[in-house]
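Asks: Before we start, here is the structure in question, set down as structure tokens.
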Amino acid sequence: MMGRTLECIEPFTCITGILTFLIWAIYFYKKRKHQIGSGLRALVILISASFLFGIGAQYADSALEERLYYKIMHSDTHEVIIYVHQMGESSDKGIKQVAEVLNIHPDVVNWVFYIDQSLLGAEKSSSLELGQYYRITAKTKPIHSYALEGAFDVEKWFVQQNWQATAQVYRIQTLSKQEVMSAGFYLHVKQQQTWRAQFLQSVEKLRLKFRNYFIDSSLSHHALLLALLTGDRSLLNPELEQQFQRFGISHLLAISGPHVLIFAAMVSWIFTRLIHRFKPEIYLSIPRQKLVLLPFLMCVILYCAFVGFEIPALRTLFTVMLGSILLLIRHHLSAFSLLVLSASLLLWMDPFSILSAAFWLSYGACFILIRIYQDMTQAQQFHQTRFTRGMQILKALVRSQWKIFVALMPLTLIIFKQISWIAPLSNLIAIPILGGIIVPLDIMAGCLWLFIPSLGNLLFYLNNSLLELFIGILKGLDHLFNPQLQYYAFTPLLLICLTLAIVILFLPKGVVPKFWSVLCFVPLLIPSKMIRPTQISILDVGQGQSIFIQDQTQRILLDTGGYYDESKFSIGKQVVVPFLKSQGVHQLDRVILTHLDQDHSGGLPAVLQLIPTRMIQANEEIKDLSIPFSLCHSGQTWETSELKIQILSPKLENLQSTVFNRNEASCVMYLQLKQASDLKYFLMMGDAGWETEYQLLQQYPDLKVDVLILGHHGSQHSSSYDFLKRYHPKIAIASAGFENGYGHPSAEVSNRLQDLNIPLLSTTDKGAIHFKFDSGNEQTEFYRQSYKWLQR
């Protein structure tokens with residue numbers, strides 16, 4: 001719920017706060033008289049939880065407002081003083097460097113800088129010098145997401161990371177500490193000399209030292225060894241990451257609890273061996289558990305710092321800290337309660353963790369493992385042989401993989417919109433090899449390399465051979481099964497049904513009949529029968545156009561958008577398809593391309609690859625299609641019980657000259673909603689300009705238009721004054737990219753619309769624009785209004 005505007009949260013918190021005080025007063029009064037029933041206990045828990053939820057929501061909202069306050073909203077050139085506190089990495093834009101900016105706002109903020117290697121002279125590096133100050137001249141660029149359902153939300157990611165802008169560097173100059181203090185930042189320089197800052201800087205330098213070692217080494221899997229050791233994935237080959245994703249084992253690349261605990265256990269074991277050897281009598285005064293507690297906890301803290309305090313590592317840190325405190329005060333707490341406390345502490349320290357997929361998947365997996373462990377301990381028998389015990393562990397490993405896979409399925413679908421069905425099998429193989437052998441050896445090699453480099457090198461090369469074997473196994477499985485990530489079109493209602501079914505399956509026996517889960521699965525088996533609203537959505541695809549149209553019987557995509565180079569970033573695969581999947585689209589009845597310019601048709605291959613399509617239409621032939629195709633031209637009409645669609649332009653006889661003027665030959669679509677009352681008529685112009693507008697005025701002088709999708713994204717050579725005045729739509733919409741180089745929508749068109757009192761909406765400001773018509777109710781929704789970080 002973070003980022004949502006909750007008008008009622010303050011009164012809700014006040015009311016539940018008063019009720020909490022009253023219910024606890026009643027509870028203690030009843031307790032003295034020994035009259036506490038289960039109903040009262042349940043009421044105390046419910047009301048207290050509601051009050052805490054209200055406090056938490058207000059706390060998170062306050063933190064979000066504070067973080068958004070310094071967000072850069074417009075491009076500009078700045079001269080800034082920066083401090084490098086974390087290592088950068090190489091990117092296709094040069095060095096990508098996160099740094100603290102000192103002189104823009106009263107508080108220090110974080111920007112992401114892109115620095116061309118030529119600015120740094122002959123020395124090649126993947127990072128600026130850690131602990132160094134610089135004066136930089138850079139042009140900032142606001143963070144701008146494709147604001148629509150299903151697409152990756154870059155703005156949310158930047159909020160979670162506490163980054164306020166990106167900036168392209170044009171000039172860079174090293175500054176001494178004396179120069180920085182003279183500029184008025186004496187306090188910041190002194191803060192970097194504290195023990196905490198020095199410790200974090202030393203850890204970051206150590207991480208960079210490991211990266212440079214692996215870069216210079218001849219290890220064939222140096223990038224994977226580095227990722228498994230420090231969590232630094234900057235050297236990983238995208239193909240390897242995609243392979244791990246297809247097998248559903250990419251979570252093994254993240255530093256999690258096992259990494260931290262393996263390191264802490266190694267050091268603690270050495271510590272206890274030394275005590276056994278030189279001072280065993282110390283156990284007479286201090287129990288072994290408490291004696292090992294401090295070094296174990298210090299190792300956990302050290303390794304968490306070493307891997308950059310990632311969320312899975314923080315989960316382990318907080319759980320170990322809480323467990324240590326409980327051990328010292330001799331207080332017992334269930335594993336489930338301990339995990340809940342750990343999550344609460346993490347959210348209190350960093351409320352933005354709730355925006356991270358790692359938070360939900362990490363804690364979700366732990367909850368499932370606790371449930372599996374409880375089942376194991378209940379089924380455990382005394383006097384087991386080693387063989388029986390080994391078989392029990394093997395069964396537990398197999399059972400844990402499919403249970404985790406099933407239990408986390410709703411979360412995976414919500415977050416990633418896709419699933420790897422081979423994940424249980426691949427995890428069954430990968431976890432023992434990576435988690436049980438390679439990761440411990442990697443950590444051991446890293447520790448030895450710091451003190452005995454030759455021995456550390458030897459272990460790294462041994463581990464490299466083991467990784468060679470593991471990658472060979474993956475290649476064999478790849479050849480055998482050819483696993484692919486499967487996209488699934490689950491609406492919120494279907495996800496709720498799936499979640500309920502899984503919860504019922506995982507509840508202890510006797511709580512709820514397992515057969516009830518079958519009832520929850522029924523809607524999943526008949527998704528085509530689900531009622532869906534009539535909807536017209538102008539998608540936010542940047543500088544391009546894509547419009548989704550659906551009613552009860554038809555699903556149509558008008559244009560697919562397109563990036564200038566779809567091989568670098570695919571609008572079709574990463575924006576349009578995720579949106580369609582989020583809408584529950586299993587199949588498109590029609591894809592209509594107004595014309596074949598890249599910004600209107602570039603995403604077509606990805607759409608056809610990932611979503612079955614029955615038919616394609618365009619204003620010129622498309623080669624190498626395996627599905628039915630027809631040319632679109634004026635006179636074509638089709639209708640359903642709710643929609644009537646007409647193609648108004650171009651004329652059939654003019655299609656031969658399309659290649660000479662694609663824009664004016666755009667397929668112009670006119671759509672009528674039969675059951676709508678206010679916004680009933682939609683005119684979609686493609687990239688058509690004045691010439692086509694003149695022809696339309698001649699052929700259809702009395703055309704009714706309520707919503708006009710401006711031609712050519714609102715360029716000055718479209719949407720003429722006479723055209724706008726004659727049809728006078730209630731709303732005009734420009735599908736245009738943020739700060740696009742064409743100035744769309746143009747000032748001329750904006751002025752014409754203003755003179756005629758026609759409201760102008762743009763996907764730049766509003767994100768995806770949805771018109772929904774359901775049982776007589778008409779709604780207009782703007783996706784950028786959904787979350788505070790998207791609002792302009």
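The first residue you see is number 1, and the count goes up from there.
Cβ atoms are placed via backbone N, Cα and C, with glycine included.
Those TrEMBL annotations? Automatic predictions, nothing curated.
Computed from a predicted structure; not experimentally measured.
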Asks: Suppose you had to name the range TrEMBL annotates as transmembrane segment; which of 98-115, 458-475, 512-529 would you pick?
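Replies: Going through 98-115, 458-475, 512-529 one by one, TrEMBL flags 458-475 as transmembrane segment.
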Asks: Among the recorded stretches 41-60, 251-271, 291-311, 487-507, which has the greatest number of Cβ pairs closer than 8 Å to the transmembrane segment (393-416)?
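Replies: Stretch with the highest Cβ contact count: 487-507.
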Asks: Would you mind listing the long-range same-chain contacts of the transmembrane segment (291-311), meaning Cβ under 8 Å and 6+ residues beyond its ends?
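Replies: Long-range Cβ neighbours of the transmembrane segment (291-311): 86, 199-200, 203, 206-207, 230-231, 254-255, 259-261, 263-265, 267-268, 271-272, 275, 282-283, 317, 320-321, 324, 327-328, 346, 353, 356, 358-359, 362.
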Asks: Can you tell me the mean pLDDT for the domain 'Metallo-beta-lactamase' (543-738)?
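Replies: In the predicted model, the domain 'Metallo-beta-lactamase' (543-738) has a mean pLDDT of 93.
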